[in-house]
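The active site, proton donor annotation in TrEMBL covers His451. Among the features that TrEMBL reports, AMP binding site is placed at His451, Asn452, Ser453, Ser454, His455, Asp492, Asp614, Gln666. Per TrEMBL, Zn(2+) 1 binding site is recorded for His455, His491, Asp492, Asp614. Positions annotated as domain 'PAS' by TrEMBL: 154-225. Among the features that TrEMBL reports, domain 'PDEase' is placed at 375-708.
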Amino acid sequence: TQFCSCDANRETAEQTSHSVLLVFAKEDSQNNGFCWACEKANFRCNVARTPEAALECFKEKHHDLVIIDHRHSRYFDAESLCREVLLIHFYLNGFVDLFGVCCCRPDREEASVMPLIKSGFNRRYVENANMMACYNELLQLERGEVLAQFKLRACNAIFTALEQSQEAIEITNEDQVIQYVNPAYESIMGYQQGELIGKEITEVPKSEKNKPDLLETINSCIRKGKEWQGIYYAKKKNGDSVQQNVKITPVIGQGGSVVVEFVLMFPGSSQRRHSSMARIHSMTIEAPITKVINIINAAQESSPMPVAEALDRVLEILRTTELYSPQLGTKEEDPHTNDLVGGLMTDGLRRLSGNEYIFAAKQPHLPSHLAMPLSLNDIPPHVAQTMENEDSWDFDIFNLETACLKRPLTYLGLKIFSRFGVCEFLSCPEATLRSWLQGIEANYHSTNSYHNSSHAADVLHATAYFLCKERVKQSLEQIDEVAALIAATVHDVDHPGRTNSFLCNAGSELAILYNDTAVLESHHAALAFQITTRDDKCNIFRNMERNEYRTLRQAIIDMVLATEMTKHFEHVNKFVNSINKPLAALEENGSVKGILTSPDNRILVKRMLIKCADISNPCRPLELCIEWAGRISEEYFAQTDEEKRQSLPVVMPVFDRNTCSIPKSQISFIDYFITDMFDAWDAFADLPNLMQHLDNNFKYWKGLDERKLHSLRPPPE
C-alpha cells in the first residue's frame, strides 16, 4: 500500500516523442512549415489530405496533437472533422484528452474563437508560414497543454489502479491532510470517504498500542529527509487495532516540496506469503468458474447480510461440482509449451491407418530370490548412511540409487514407512512390507531414464516431507497419511517410459483397455493392487477390516489418478478456491479447522500433495534439478525417436535430441505447470526453501537460454 503526496514527474513526458497529425487539403508553405517544425522538434508526423484519410490515420496512430487547416472551407469542414476525431478518441480511450489546433487565416476584424472551442479545438493558430514560428508554436504546445494532457492520462491510470486495488490506500498532502482513500481502505478500516477527506491525520483516532511519540518521530524523519521503518498500529472505526509494517521514504520533489512514500502491509504472516496469495488471486491459467467465484467474492463485500449469505450458498455449490477445468491455452506462443501441453495433457492424435503399434500389458513380475534385508536392522551400513538425512528436503536420492545398485525404493520405503508407523496401522509384519516393496520395485523399469524406481523413491520422499508440514498434519488423519505413502510408492509402477499420447496413437493394448482415458494412471493403480493381493506374502492389506480397506483403497486410487496431467488445472483451481482463499479470509479472525478437516477438502489436499511431490524436481537443489531434467529429456528424446521409427505422430516435436533446447523446455514447464501450483501449495504448507530453490533453478535455466545454450550445463571455462 502506498501513501504519497501528488507531485507530478514530468521526466517521462519530456522523454516521449510526440506524434502529430497534419490535416491539410494541399501542400503549401504553411503545411511545409509545420512538417519542418515537427522534424526539428523530433516529433513523429503524419500528413492527411482528406477527412477520410485523416480519420483512418488517427484510428491507427492515436496522435497526441492534431492540426487541421481551416483556411480552405471548400475542401472540407474543419469543425466537423475535429468533432469526428474527438469522438473516435473518446471511444478508443474512454476520455477526451486530445489536443487540437485550428490553422486559420488572419481576420480583418478579430472574430470570436468560441465556435472553434465548441467544436473541440483547444487553440487557434493564425496563418504564418515562417518555419521558426511553427517550431515555436509546437514547443509552447509541448511544454504547456500537451504536457498537461500527459499528466492527465497518468492520473487517470493511477486513480483507476487505486480504485481497483485490493490494498487499503490513503493519500495525504505534505501538510498531512487526507486527500483520498480507496474503496479497499473503506472496507478494511470501516470509514467512508466523507468522514476522512479534508481531515488531518492527527484527527483520525490512533491505536493506544503506538508509542506516544511515534508520530513526532515519523514527522521528524520526514522533515530531515530520512527514511523510517517500523511497526504502526492503525485503528479501525470499530475500535480494533490493525498492525502495519511501515516504510517511509521522503523524496525532494519539484520546488523543494517533500514527496513522502509510505509502504504499508496489512496483517499477513509474511511478505513472501502475501506475494504468494497475490498470485493465487490472479492466476495466469484461470478457469471460467474461478472468474465467477472471484466476482461473487467481490460482490459479497458490499452486499447486505441476506444477499451475502445467499452468495455463500452459491459458492458452496460451485465448489463441490465439476466446474474447474480451464479453457486451455498456452501462456504464450511457445513451441516448447505447446508440445508439453500436447504431450502431457491430451490423449494423443488419433491415427486413421491400420498401422498399430502393439504395446502389450504384461503380467506383473514377482521377485522370488532378491537378496534384500529382512528388516531395517539388516540394511547395509553404507546404504543406511546415505539415508541419515532422509527427512531433509535436500536429501540426495541419487547417492542412495548408487549405494543400493538402482533399487532405492525398498530401502527408503522401509525407513519412511517405519517412521510413519505404517505396519502398525495395517497390522502387517515388516517382512510382508519388505516383500511388497520388493514386488512393487521389481515392476518399475530400470531401463527407463526417468520413470524408474528412483523417481518413485523421490516422490515417496517428497510425500513424506509434505506430510510433516504442520498444516498438512492438521488436515489429514493417519489413514490419509498411509494412503499417500502407498500411492507415492506405486504411482508409476510398470511405466513404459512413454506418454499417454504415445500409447493412444500407437493403439496399445493398455490404451484400448482403458478407452484412451488416463491410460497409464489407471494401469498403475490397477497393477499395484494386483501385485499386492496376488500373494499373501506381500499382501499388506490382508489383516485390515473390510470397510477400512475399501476406504484406504479408494484414497490410493484417487491419488494415483490425480497425477494425470489432463486434470492438472482442475485440481489446482479447486484447491485454491476451496481451501486457500477461504483460509486467507479466516486467518486473522476465524477458525480454520472446519476448512482443513472437511472430507471434501481432505481429498483436495491429498491430490495436491501427490501432484506436487510427483513434479517437484524444479524445486529440488540445483544439482538434483539438473540431473532430473537430463533424465526426463532423454526419455522424451527416446519417445520421439521411436515415433519416427514407427511412423507415428510426433507428439512433442521440440524433443528432438539433435535440436532441443533443454533450458527452454524447463523454462516452459516451470512457467506453465509449476509456478502457480507451488505458489498455492506454499501458501498452504509454508515451504520457503522449495520456493527459493525454484527461483534459483529458474534463473539458472534462464541464464543458459540467454546464452543460446541448449545443454544441461554451460561449457567448461
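Each residue, glycine too, has its Cβ placed from N, Cα and C.
Long-range Cβ neighbours of Asp492 (AMP binding site) (same chain, at least 6 residues apart, Cβ-Cβ under 8 Å): Tyr444, His451, His455, Ala456, Val459, Leu520, His524, Thr563.
In this view, His455 (AMP binding site) is surrounded by 24 other Cβ atoms within 10 Å of its Cβ, with every protein chain counted. Counting every protein chain shown, the Cβ of Asp614 (AMP binding site) has 23 other Cβ atoms within 10 Å. Within the same chain, the residues at least 6 positions away from Asn452 (AMP binding site) whose Cβ sits under 8 Å from its Cβ are Lys406, Tyr444, His445, Ser446, listed in sequence order. Residues in the domain 'PAS' (154-225) partition by DSSP class (helix H, G, I; strand E, B; coil) as 36 helix, 10 strand, 26 coil. For Ser454 (AMP binding site), the same-chain residues that are 6 or more apart in sequence and have a Cβ closer than 8 Å to its Cβ are Ile397, Phe398, Glu401, Lys406, Pro408, Leu409.
Around the Cβ of Ser453 (AMP binding site), the number of neighbouring Cβ atoms within 10 Å comes to 29. Here the Cβ of Gln666 (AMP binding site) has 28 other Cβ atoms within 10 Å, regardless of which shown protein chain they belong to. Neighbours of the residue listed as 'active site, proton donor', defined as other CB atoms within 10 A of its CB across all chains, total 22.
In sequence order, His451, Ala456, Val459, Ala488, His495, Thr563 are the same-chain residues whose CB sits within 8 A of the CB centroid of His455, His491, Asp492, Asp614, the residues recorded for Zn(2+) 1 being left out. His491 (Zn(2+) 1 binding site) sits 9 Å from Asp614 (AMP binding site), taking the CA atoms of both as reference points.
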